[in-house]
Amino acid sequence: MLHVRGLGLPGCLALAALASLVHSQHVFLAPQQALSLLQRVRRANSGFLEELRKGNLERECVEEQCSYEEAFEALESPQDTDVFWAKYTVCDSVRKPRETFMDCLEGRCAMDLGLNYHGNVSVTHTGIECQLWRSRYPHRPDINSTTHPGADLKENFCRNPDSSTSGPWCYTTDPTVRREECSIPVCGQEGRTTVKMTPRSRGSKENLSPPLGECLLERGRLYQGNLAVTTLGSPCLAWDSLPTKTLSKYQNFDPEVKLVQNFCRNPDRDEEGAWCFVAQQPGFEYCSLNYCDEAVGEENHDGDESIAGRTTDAEFHTFFDERTFGLGEADCGLRPLFEKKSLTDKTEKELLDSYIDGRIVEGWDAEKGIAPWQVMLFRKSPQELLCGASLISDRWVLTAAHCILYPPWDKNFTENDLLVRIGKHSRTRYERNVEKISMLEKIYIHPRYNWRENLDRDIALLKLKKPVPFSDYIHPVCLPDKQTVTSLLQAGYKGRVTGWGNLRETWTTNINEIQPSVLQVVNLPIVERPVCKASTRIRITDNMFCAGFKVNDTKRGDACEGDSGGPFVMKSPYNHRWYQMGIVSWGEGCDRNGKYGFYTHVFRLKRWMQKVIDQHR
């Protein structure tokens with residue numbers, strides 16, 4: 001296989017490709033946009049041509065035919081000569097005209113299998129944007145810069161590192177399509193490409209709100225229509241039927257919402273919208289209606305006005321039924337080794353100060369007991385750390401759905417495949433008399449979890465077989481109410497992420513270089529929603545928020561592989577409790593400039609959690 005190293009990319013084409021993509025929110029590009037990336041840009045002079053001028057190589061090898069020895073005399077390096085000679089021999093058949101020959105040498109077009117191609121096309125022949133070669137989302141590549149160091153696997157540009165007979169290709173950003181070929185111009189054959197461009201027809205993925213007159217406000221709370229079938233096609237049970245009365249006995253329904261026949265309604269102000277009871281487990285399902293976009297939190301207010309100047313009720317109110325939820329909610333978020341002893345951890349003040357001045361802190365080794373709600377989701381066979389998670393009561397654990405079910409990574413775990421380890425500090429060592437190991441009774445994944453597109457509603461509940469006893473190192477975190485979300489989930493305010501994930505993004509085979517020995521902590525600022533949306537071409541929904549450092553920030557930090565499913569928490573300055581605002585969900589690489597970590601918006605899915613938990617009476 002011929003590997004090409006050290007050749008510059010054509011700058012104009014790079015700018016054209018990136019400019020055409022950066023404003024798009026589509027996974028699938030429009031045909032005109034996709035085809036525009038295939039236009040070749042001519043340059044009067046180039047970095048490669050400058051290299052050729054060294055030692056009259058241009059005259060010897062471009063204007064005339066040269067030998068390997070003549071090229072070596074000019075370049076004076078076996079490695080540089082091998083790189084040049086590999087391209088030179090491939091491109092020898094298109095020496096005329098000179099412009100075509102230079103296109104081939106500089107990798108702006110493909111010859112034969114396209115091993116010479118080093119251009120900036122980053123979309124497949126069907127219009128799917130390419131995945132970054134260094135990223136593991138949505139697909140885990142088996143070809144990367146470590147396995148193929150000479151293949152020039154930069155950004156998400158199409159390449160042919162494995163000598164595919166179809167020519168240059170890439171991993172795609174579509175979770176259902178692992179890899180696909182790209183349409184690359186063929187050298188010396190105007191209008192011909194390595195494979196034909198056949199863009200797919202896909203629906204719009206714009207983040208547009210429906211017109212006000214065509215959508216339901218308040219997530220359908222006042223909906224009075226006659227829809228009586230759920231999104232999954234299940235018939236709704238009548239609200240006055242015996243099974244429904246039993247299921248809703250302890251529900252606190254809004255009296256303004258009229259529960260008529262078996263029509264879909266939203267009597268508990270569920271952020272997911274209207275729903276109804278059904279005959280099968282978990283006993284309820286959601287209905288398909290068109291809701292207006294009404295984001296909760298993440299508004300960018302002045303810190304002094306929103307925190308220091310606001311009178312807020314600091315009294316804590318429980319939300320769940322203790323009979324089904326278990327113990328711990330009344331005392332949640334108060335750490336035994338800190339708040340209960342009137343102590344603070346070493347960066348807590350800076351975290352709280354961010355609500356006013358927005359200072360930034362790097363990651364560090366966690367103090368013991370700093371996150372007593374942290375859970376390790378552990379695979380039984382082979383034994384390995386799978387994900388993070390969080391303890392929300394003595395019976396229930398919260399994690400990301402993709403930790404349980406994600407077909408692109410061959411994940412589809414059952415209760416028998418997993419266990420949870422609670423109270424841990426060390427990543428690998430068994431901590432006798434401190435950690436507790438618990439088996440799972442039941443896994444609940446959100447019925448609208450969307451792994452095929454964007455990991456929307458990336459949330460799962462784990463029911464423990466036995467209640468776990470609390471200790472100095474085992475204690476539940478609080479789940480936020482609307483007031484807490486409105487007060488704290490604002491751009492510039494900082495939350496805390498904990499986990500045993502990789503310390504940095506790398507393809508090294510030496511695991512000890514990148515995996516921490518103990519629990520890690522990092523404080524991250526919440527990012528404005530428009531900035532989040534502009535940072536990616538993956539569709540962002542109201543069930544997500546993003547956090548992380550911007551390009552001009554002096555400090556760094558991010559969640560990384562292995563942190564998934566873990567908590568994003570914030571401390572309330574009113575009642576001094578810790579609330580889980582988010583679940584570590586996904587990101588395009590770790591701590592990359594212009595990229596942020598995305599988190600599941602816990603509050604928006606809290607009513608779903610309540611209804612699932614209430615079935616366990």
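Cβ atoms here come from the backbone N, Cα and C positions, even for glycine.
Here is what Swiss-Prot says about this protein:
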SIGNAL    1-24  signal peptide
DOMAIN    44-90  domain 'Gla'
MOD_RES   E50  4-carboxyglutamate
MOD_RES   E51  4-carboxyglutamate
MOD_RES   E58  4-carboxyglutamate
MOD_RES   E60  4-carboxyglutamate
DISULFID  C61-C66  disulfide bond
MOD_RES   E63  4-carboxyglutamate
MOD_RES   E64  4-carboxyglutamate
MOD_RES   E69  4-carboxyglutamate
MOD_RES   E70  4-carboxyglutamate
MOD_RES   E73  4-carboxyglutamate
MOD_RES   E76  4-carboxyglutamate
DISULFID  C91-C104  disulfide bond
DOMAIN    109-187  domain 'Kringle 1'
DISULFID  C109-C187  disulfide bond
CARBOHYD  N120  N-linked glycosylation site
DISULFID  C130-C170  disulfide bond
CARBOHYD  N144  N-linked glycosylation site
DISULFID  C158-C182  disulfide bond
DOMAIN    215-292  domain 'Kringle 2'
DISULFID  C215-C292  disulfide bond
DISULFID  C236-C276  disulfide bond
DISULFID  C264-C287  disulfide bond
DOMAIN    360-614  domain 'Peptidase S1'
DISULFID  C387-C403  disulfide bond
ACT_SITE  H402  active site, charge relay system
CARBOHYD  N412  N-linked glycosylation site
ACT_SITE  D458  active site, charge relay system
DISULFID  C532-C546  disulfide bond
CARBOHYD  N552  N-linked glycosylation site
DISULFID  C560-C590  disulfide bond
ACT_SITE  S564  active site, charge relay system
* **Cβ packing number for C287 (disulfide bond), 10 Å threshold** => 24
* Asked: Which of the recorded positions listed here (E64, C66, E70, C91, C170, C276) have a Cα atom within 10 Å of the Cα of C287 (disulfide bond)?
  -> C276
* Would you please pick out, from the recorded positions N144, N552, S564, the one with the fewest other Cβ atoms within 10 Å of its Cβ? => N552
* Asked: Per DSSP, what is the residue count of the domain 'Kringle 1' (109-187) in each of helix, strand and coil?
  -> 0 helix, 15 strand, 64 coil
* Rounded inter-Cα distance in Å - N552 (N-linked glycosylation site), D458 (active site, charge relay system) -> 30
* Site of maximum Cβ density within 10 Å, from glycosylation sites N120, N412 -> N120
* **Residue among active-site residues H402, D458, S564 with Cα closest to the Cα of E76 (4-carboxyglutamate)** => S564
* Asked: Among the recorded positions E58, E60, E63, E70, D458, whose Cβ has the fewest other Cβ atoms within 10 Å?
  -> E63
* Asked: Does H402 (active site, charge relay system) have same-chain partners at least 6 apart in sequence with Cβ under 8 Å from its own Cβ, and which are they?
  -> K411, W451, L455, D458, S564, G565, S585, W586
* Would you pick out, from the disulfide-bonded residues C182, C387, C403, the residue whose Cβ has the largest number of other Cβ atoms within 10 Å? => C182
* Asked: Taking E58 (4-carboxyglutamate) as the reference, which of E64, E69, C91, C532 (the recorded positions) have a CA within 10 A of its CA?
  -> E64
* To do: Could you tell me which three-state DSSP class E58 (4-carboxyglutamate) falls into?
  => helix
* Structure fact -> For the domain 'Kringle 2' (215-292), the DSSP residue counts stand at 10 helix, 11 strand, 57 coil
* Asked: Near C91 (disulfide bond), which recorded positions out of E69, C130, C187, C292 have their CA within 10 Å?
  -> C187
